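Q: First the structure, which I've put down as structure tokens, then a few questions once you've had a look.
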Number of protein chains: 4
Amino acid sequence: MGAMRIATLTSGGDCPGLNAVIRGIVRTASNEFGSTVVGYQDGWEGLLADRRVQLYDDEDIDRILLRGGTILGTGRLHPDKFRAGIDQVKANLADAGIDALIPIGGEGTLKGAKWLADNGIPVVGVPKTIDNDVNGTDFTFGFDSAVSVATDAIDRLHTTAESHNRVMIVEVMGRHVGWIALHAGMAGGAHYTVIPEVPFDISEICKRMERRFQMGEKYGIIVVAEGALPKEGTMELREGEVDQFGHKTFTGIGQQIADEVHRRLGHDVRTTVLGHIQRGGTPTAFDRVLATRYGVRAARACHEGQFNTVVALKGERIRMISFDEAVGTLKKVPMERWVTAQAMFG
Amino acid sequence: MGAMRIATLTSGGDCPGLNAVIRGIVRTASNEFGSTVVGYQDGWEGLLADRRVQLYDDEDIDRILLRGGTILGTGRLHPDKFRAGIDQVKANLADAGIDALIPIGGEGTLKGAKWLADNGIPVVGVPKTIDNDVNGTDFTFGFDSAVSVATDAIDRLHTTAESHNRVMIVEVMGRHVGWIALHAGMAGGAHYTVIPEVPFDISEICKRMERRFQMGEKYGIIVVAEGALPKEGTMELREGEVDQFGHKTFTGIGQQIADEVHRRLGHDVRTTVLGHIQRGGTPTAFDRVLATRYGVRAARACHEGQFNTVVALKGERIRMISFDEAVGTLKKVPMERWVTAQAMFG
Amino acid sequence: MGAMRIATLTSGGDCPGLNAVIRGIVRTASNEFGSTVVGYQDGWEGLLADRRVQLYDDEDIDRILLRGGTILGTGRLHPDKFRAGIDQVKANLADAGIDALIPIGGEGTLKGAKWLADNGIPVVGVPKTIDNDVNGTDFTFGFDSAVSVATDAIDRLHTTAESHNRVMIVEVMGRHVGWIALHAGMAGGAHYTVIPEVPFDISEICKRMERRFQMGEKYGIIVVAEGALPKEGTMELREGEVDQFGHKTFTGIGQQIADEVHRRLGHDVRTTVLGHIQRGGTPTAFDRVLATRYGVRAARACHEGQFNTVVALKGERIRMISFDEAVGTLKKVPMERWVTAQAMFG
Amino acid sequence: MGAMRIATLTSGGDCPGLNAVIRGIVRTASNEFGSTVVGYQDGWEGLLADRRVQLYDDEDIDRILLRGGTILGTGRLHPDKFRAGIDQVKANLADAGIDALIPIGGEGTLKGAKWLADNGIPVVGVPKTIDNDVNGTDFTFGFDSAVSVATDAIDRLHTTAESHNRVMIVEVMGRHVGWIALHAGMAGGAHYTVIPEVPFDISEICKRMERRFQMGEKYGIIVVAEGALPKEGTMELREGEVDQFGHKTFTGIGQQIADEVHRRLGHDVRTTVLGHIQRGGTPTAFDRVLATRYGVRAARACHEGQFNTVVALKGERIRMISFDEAVGTLKKVPMERWVTAQAMFG
């Protein structure tokens, strides 16, 4: 295929490495095919509203490699609005002379991408999630950065917990899957880790901490995924207030586990909620390489006519998988990984 | 003075650099004077209970330079208990053949140290606080590490705030003084900073953010010291629950400012509470050097008979100041520094 | 299989993550099987000389997770000496009641391990190399840490190169393979990368840099693997002096490329040789997880009787491969990866 | 004074924090005085050639806070050319309507600035050097960043040196003064440090290392400033080749000490030359704060008519000093600091 006009956009929560993908697309399009790239701003919304910028293969694009976030901005559009706008999307792409679209996003974005592909738009998807929960790919970019930030934090908390004879609870991201908790817990030498895939038993957690203190250890570190839930009937959760988004919240699960461990053991227990720092900032070298390779492969897929596909890492190679392989279910932590993590507890 | 037997202990909240001070004392005592050092465990409590360990000038002491926390543990003893135990303390020091005591700690610890000195015990104090609020010294060790951790976090939050068109609130340590907030805010390029020394006006904060958005900026970062309070009558604070320590808490000030900014401007506002990661982990190079110099100077002061003193950094030199110069009032952020910080807002 | 007595040792160059493997072995042996572990010191030499230490599943072993290097020390024994000592090795293992041996090391170590296995000793190998050149495994631990250190350095050099309108050459590790150079170059946004797998053409390098300057860019970054060599006949290399090990050295290839680029283009060109900092220090979170999983799997393999094998990462899983799959040839950078890297040059 | 038109430029070697100074000047000029700022490119050369850019108080200037290098570029102009161009400089400043000039640079730059001031140009100097060798100021920005980079590297080298039973030599910047070596050595726990201020005795260094090995330690770390020289008659230095700049070089002092220690002790000795990574990249939080305060103060000094001055840090405050206090001699490491450093050797 000759030179093309490719469009890209980033959608959903931001993620370290988004800019590296964009750079990878722009450079490959330019260097290998003499093609041009435009970016739609603020996700699907920008595509609908035709807010686009030309992305030149220049010094500016070169520099974004190590910048967190996304130069295109991101957004969350309700699927209904998105679907209702299909004619507008088609018109916008046609008017701008776009030959192929590369949406970069998570589960929701890829579903939207598949729907566009089903409606005849030439699409190549790039999976993006710090949660690492996309099927068909060994890793998603952003995950390694999130784990690194969480691990740095846990490293710091060890010494403060130890100096004060404390149990320290670290709540990390992961509403539906425990990948960040599992990896950060393993990398940070946590003494227990709680993931959404395995409902926790508060008695078991207390027993573990108690045994540590009995053996003369002075402290304990527990990593908790924000989506962790107790085994039915083992612990009642307090609900919280209604937040600015109108959602009823419950006080963070980390704090609730902390309060209960304190109530049962009497020990000083503190909670740290890592929050947004896990998804911002410079990507790790690992994520920059992975994101760059995704960008290169996506740009090539467009020129090779491999539409209706998603880039994925399998072992040492980047391969194209189908939307159906990528979306539909979340990639959860398998039981064997959980058992391996447990071997390190104690 | 010839070889001595020196004791040291760490008391109060932990702080990056405590181990570097201990190492500095042990090495200097050994290298320069052929003296020996013992450490009391868990602060004043260990001194009262005579829990002590010999600190040898060996590979183990060498390694602790970059370790956060304190190898001696720390604790908080009620001043009444402490004062009631003076005879026990004297007896313990005498039994162990201690010639001089170097307590390392914050405001409270230094007050205790002064009281011991007043009671005839040869004491040299080492000021310790990540809050940088000790008078008579340009910096305390631990402060630079805390500011670095907070600055790293703010760096990360910029890109995520920008990608999502958000106001991001970062709550940092500082119950009584705003040094960490001021420095981290300045180093992290915050668009506004709230410190305990200057009651904040929520309208002013909102006006600043609004102006940013009007000028086309996409986001704002506000750094808030945990001890920040509103100007009287400008904003009502919600109280929270009673925590495990029996204290009535109020929901963090950062979150309350976030909710109010959201209510007034309608913008998406998020809060990150950095918490304990600010006081744990490897000290920065700056803090390692400062803490080492403190340790060296404290050990020398003992051998030179300069008791009833506190080590302090003044310009390029370590000097000995009196307890009265160090304790009594907190070193607050002076108005001129606040004005300088303001020059960078916007 | 019931409780065992397992021995481990580390051999060859040090590598971030070695201690995480040791910890993984000790914890798994203890937690899952009630087994005990001993460590031989300084690699094969310690095995021959029967220098061993008991490794207890305690706080000390817990702490080593984030420590670089190896608590067992390492060494390089000439293969002839090693083979001549087989009877001694067997006697030592028998005397110590060792049921299985887990050697952790690179190509040479694994060859030695295979030879021991061929001689009837129950062996499970763990591949270790920052160079990532072991076949049959997607990644070796230590590689990600080395790439991270190199990438951090390249990030720093960008700004200094740009401020001074310079070409900056960064020489990284990789005597036989270019994995570190390729990944660090891609992660660091290098404008050209030279790897041993592809003999370089100095004219091509100069042309690239010249084009940059012509297009108004102010600087260039070139990453060079230490084992890079010019295409025959394109550039003569200067030999250097004889070093302390009696080897004839040649001045580093990075410096030689720098001198030639300067000679041809007239531009200011500087070289930085990263050297040993690439192999020391705290492992990245990625390497801690991978090394831990290797340790867990190796300990389990011993208890499951899976001897004469090597642990390996394939996709998301740790699998056992044969020695023949792991050793014999080095895993080189395949041409397709090199082409992908090239897409980012310019 | 009312609104002004201020010019700034950066000259000499680049240094982390230069952009923070520029940002501090622009913001303060705009926020506090409604003034405008222009930047001359590539140091004095750009002033002579009238290459200037307007610096707006916008998002772009806001972002440069954490960027290493200098957005204005830098250069080195021969003093003779500089002085010969005085009329051109005056004409350029007059044509551009510049009311005050803020040159940011080291010893040489400040001398040039003083000369301009003597010739009637309203000048406020900002001292800049990673070497920390400017008189009258406690610290210069960039120094803390350089020490941090060097300390990180030394941290990494400890574990690799220990695993291999090696003496490791780390050569750091410091041609005329030993500040970086002294601080990085102290922060990194070096077992010996060599600075230009104190000619070294190779026998003393060897004795120190030998004693370590005799006491059962397995390795040693020696930090060497690049400008270190042996005590007369104690060690002959080899000269090297002629480099691209036509200067006769000698093989680095670190390598020469390494070779000699190896020759005398027989131990494995390795050298790492940190080089340019010490002056590039994101400044530390400390340097960002200091550089920002310098920028604020310099801008205010212009508006307050405090010309013919240099900003300086004294204790907790920024003060204005005279050129004569800042330049003329280098601020060397005083003997007492050297003695304190020595207390930590061993």
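Placed from the backbone N, Cα and C atoms, the Cβ positions cover glycine too.
Model, not experiment: these values are computed from the prediction.
From Swiss-Prot, here are the annotated features:
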ACT_SITE  A:ASP131  active site, proton acceptor
BINDING   A:GLY13, A:ARG76, A:LEU77, A:GLY106, A:GLU107, A:GLY108, A:THR109  ATP binding site
BINDING   A:GLU107  Mg(2+) binding site
BINDING   A:THR129, A:ILE130, A:ASP131, A:ARG166, A:MET173, A:GLY174, A:ARG175, A:GLU226, A:ARG270, A:HIS276, A:ILE277, A:GLN278, A:ARG279  substrate binding site
SITE      A:GLY108  site 'Important for substrate specificity'
Q: Quick one: pull the CA-CA distance for A:GLY13 (ATP binding site) versus the residue listed as 'active site, proton acceptor', whole Å only.
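A: Cα-Cα, rounded: 11 Å.
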Q: Once the DSSP letters are reduced so that anything not helix or strand counts as coil, what is A:GLU107 (ATP binding site)?
A: helix
Q: Any idea what the Cα distance is from A:ARG270 (substrate binding site) over to A:ASP131 (active site, proton acceptor), rounded to a whole Å?
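A: About 25 Å separate the Cα atoms of these two residues.
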Q: List only the single closest residue to A:MET173 (substrate binding site), chosen from the recorded positions A:ARG76, A:LEU77, A:GLY106, A:GLU107, A:ASP131 by CA-CA distance.
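A: So, of the listed recorded positions, the one sitting closest to A:MET173 (substrate binding site) is A:ASP131.
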Q: Quick check: with A:GLY13, A:ARG76, A:LEU77, A:GLY106, A:GLU107, A:GLY108, A:THR109 left out, which same-chain residues have Cβ atoms within 8 Å of the centroid of the ATP site Cβ atoms?
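A: Result: A:SER11, A:GLY12, A:GLY43, A:GLY105, A:GLY112.
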Q: How big is the Cα-to-Cα gap, in Å, between A:GLY106 (ATP binding site) and A:ARG175 (substrate binding site)?
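A: Distance between the two Cα atoms comes out at 14 Å.
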Q: I need the nearest neighbour of A:ARG175 (substrate binding site) among the recorded positions A:ARG76, A:LEU77, A:GLU107, A:ASP131, using C-alpha distances.
A: A:ASP131
Q: Given binding-site residues A:GLY106, A:GLY108, A:ARG270, which are under 8 Å from chain B when comparing Cβ atoms?
A: A:ARG270
Q: Provide the three-state secondary structure of A:THR129 (substrate binding site) computed with DSSP.
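A: In three-state terms, A:THR129 (substrate binding site) counts as coil.
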Q: In whole Å, how far is A:GLU107 (ATP binding site) from A:ILE277 (substrate binding site) when you measure between their Cα atoms?
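A: Rounded to the nearest whole number, the Cα-Cα distance is 22 Å.
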Q: Of A:ARG76, A:ARG175, A:ARG270, A:ARG279, the binding-site residues given in the record, which has the fewest other CB atoms within 10 A of its CB?
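A: Least crowded of the binding-site residues A:ARG76, A:ARG175, A:ARG270, A:ARG279, by Cβ count within 10 Å, is A:ARG175.
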Q: So if I draw a 10 Å sphere around the Cβ of A:MET173 (substrate binding site), how many other Cβ atoms end up inside it?
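A: There are 24 such Cβ atoms around A:MET173 (substrate binding site).
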Q: In Å, how large is the greatest distance between any two Cα atoms among A:GLY13, A:ARG76, A:LEU77, A:GLY106, A:GLU107, A:GLY108, A:THR109, the listed binders of ATP?
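A: Roughly 13 Å, rounded to the nearest whole number.
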Q: Could you check what DSSP calls A:ARG270 (substrate binding site) once collapsed to helix, strand or coil?
A: strand
Q: For A:THR129 (substrate binding site), which residues in the same chain are close in space, meaning a Cβ under 8 Å from its Cβ, but six or more apart along the sequence?
A: A:GLY12, A:GLY13, A:CYS15, A:GLY106, A:GLU107, A:THR140, A:GLY142, A:PHE143
Q: I need the least crowded one of these recorded positions (A:GLU107, A:ASP131), counting other C-beta atoms within 10 angstroms of each C-beta.
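A: Fewest other Cβ atoms within 10 Å, among the recorded positions A:GLU107, A:ASP131, is found for A:GLU107.
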Q: Can you tell me how spread out the substrate site is, meaning the largest CA to CA distance among A:THR129, A:ILE130, A:ASP131, A:ARG166, A:MET173, A:GLY174, A:ARG175, A:GLU226, A:ARG270, A:HIS276, A:ILE277, A:GLN278, A:ARG279, in Å?
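A: Result: 33 Å between the two most distant Cα atoms.
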Q: Taking only the Cα atoms, work out how far A:ARG279 (substrate binding site) lies from A:THR109 (ATP binding site), in Å, as a whole number.
A: 18
